[in-house]
Structure formats: C-alpha cells, structure tokens
C-alpha cells in the first residue's frame, strides 16, 4: 500500500449544479415563500403550487419562472372544494369569514360569487324536478325522463336531496299532478264564467231580463229612453260645471281685493346697499325683533335678517347700535 500525501486525492468541497435546488438554509421557508407567491400573485392553490414545484424537480427558480404559463381559472372549483363548501355552509350559513377557514385557498369574494352560482343552480334543479314530476303524469316513462334531466342539470358541487318515502313520494306527486291536469279544464271554465265586465260598464241583470221579455221593439224604445236620459245628464253636468267655474272665478276676484300684497314674490337672497342700511336702521329701531325688521325691508324674511345680524355684527357695529336701542327702551320705561 502506498502511503503519503502525494498518493492521496484532494476532492473539492462541493460539486453541484447551481440553482438546481433551493439554496436557502431553511428549505421549508423557501417552499412556503414559493407557495405564497403562487397563491397571492397567480391564484394557485397549495396543491397546484406544490405540483408545479415537483414537476420542475424542486427547482424553485424554474418553477417560479413557469408560474405565469399555467395560471388556473379563478373560479375553478374541484369536487372536494364543492363538498367542503356545502358542509361548511350547512353549519355556518352565510358567515363567509368562517367558511374561509375550511377553504384557505379561496378568498371571500370567490366564496360569495360561488354561493350565488350554487344557489341559482339549486333553484334551477328544483324547478326541473317539479316539471319532471308533472311531465311524468302523462305517460309511464315521463317520471324517469324527468329524473334523468334533473341528474344531468345537477352540478358537481350539489348533493342529492334525500326525500322521505323515496319512490312512494314520487308516485304521490305524479298522482297529484294527474289530478291537477284533470281538474284544469273545469277551473278554466269557472274562470271563464267569472270574468268581469270592462271598467266603467255596469249591468243591471233585472233590466236585461225585462228587456229580453218585452221583445225587440220594446227593447229599442227602452234603449232610446236611456240614451235621452244620458244626454240630459251630460248637458246638466256641463251646465253645473260652467256655473261652478264662474262662481270660483268671482270668489277669487273678491279674495284678491282683500289680500295683502304678496311680498314673497319679491324676496331675494342678495343684499343691496339700501337693504343693508335699512337693516341697520331696523336694528336701531326694533332691536332684535327680526320679524319687524324683515317687514321694514320687505324683500327679506326673518331668517335672512337673523343671518344678517350674525354675519355683519362686527362689520357694521351692531352691538353698539343694539346698546343704544336698549338704553332708549330703558329710558322710555
């Protein structure tokens, strides 16, 4: 055996392909970061992200570069996810912030959107079941055909609804549908007999019988008499309407003679120089009697005068003017 350093091989410290595997000292954290990136940015589920990483033989760089090429559909639900949603919804109801704990790969908007689609499919399926039960009453194989259609319309996420009684309930539904189909002509006849007259038309059954018993000639005489009564009633209505209009106009003219001039038509929100001077003089004369000041100005309301007093109190020295009014009123007393 040859001994000595010259006969020993010196291997390098590491021989490996760069970037072949995760170079992070904590590989679990590296994989978790990759899964978070795939889930948040591209919408992958945890299973899909790990599958992509396994496909590239745990090469994180290649798997990350390949993520945009296989973006899944955002509304894609697997059968397992649909079953989990059904079970969670049966326990939690519409509390989607709690359902999301059972489906961590889904967001709340995805759960809400799938809930309304699932609800719509359930309503459609129940409608197809009812129609299938009615169609089965005509022939013996109709019920079976309805069941086939119902089964084809059911989505993968819906669980079949179990009903007590099974086939007996189906037979009872078919019998009730047959009875309804047999009773339908009679109900239509009853509705035909119960039709009402058009709006504004009234029928006196006794008068109709008397006219039919008197004969065609006598009936025409009665109709002519009714037409004459109708014409006289219309003329009387027109005459009364004209008299009422004339009286109303005369009353309005009499009321206008006693009415005060309407100052509201002259009210404006802008203050002119003359109105400002009148307002200051009104404060000097009436103090805080804003209603009297508004009547003095004529084109302003009490609220306008209140706003003027609060807005221009310091500009026009209204406090001193009000103090003079108080002194004069105290001297008069």
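From the backbone N, Cα and C atoms, a Cβ is placed for every residue, glycine too.
The feature compositional bias 'Gly residues' is assigned by TrEMBL to 133-145. Positions annotated as compositional bias 'Acidic residues' by TrEMBL: 146-159. Marked as compositional bias 'Low complexity' by TrEMBL: 179-190. Taken from TrEMBL, the feature domain 'ELM2' applies to 1-71. Here TrEMBL flags 72-123, 266-317 as domain 'SANT'. Residues or ranges marked as region 'Disordered' in TrEMBL: 126-196.
Helix, strand and coil residue tallies for the domain 'SANT' (72-123), in that order: 34 helix, 0 strand, 18 coil [DSSP]. Taken through DSSP, the domain 'SANT' (266-317) splits into 33 helix, 0 strand, 19 coil. On the 0 to 100 pLDDT scale, the model's mean across the domain 'SANT' (72-123) is 79.
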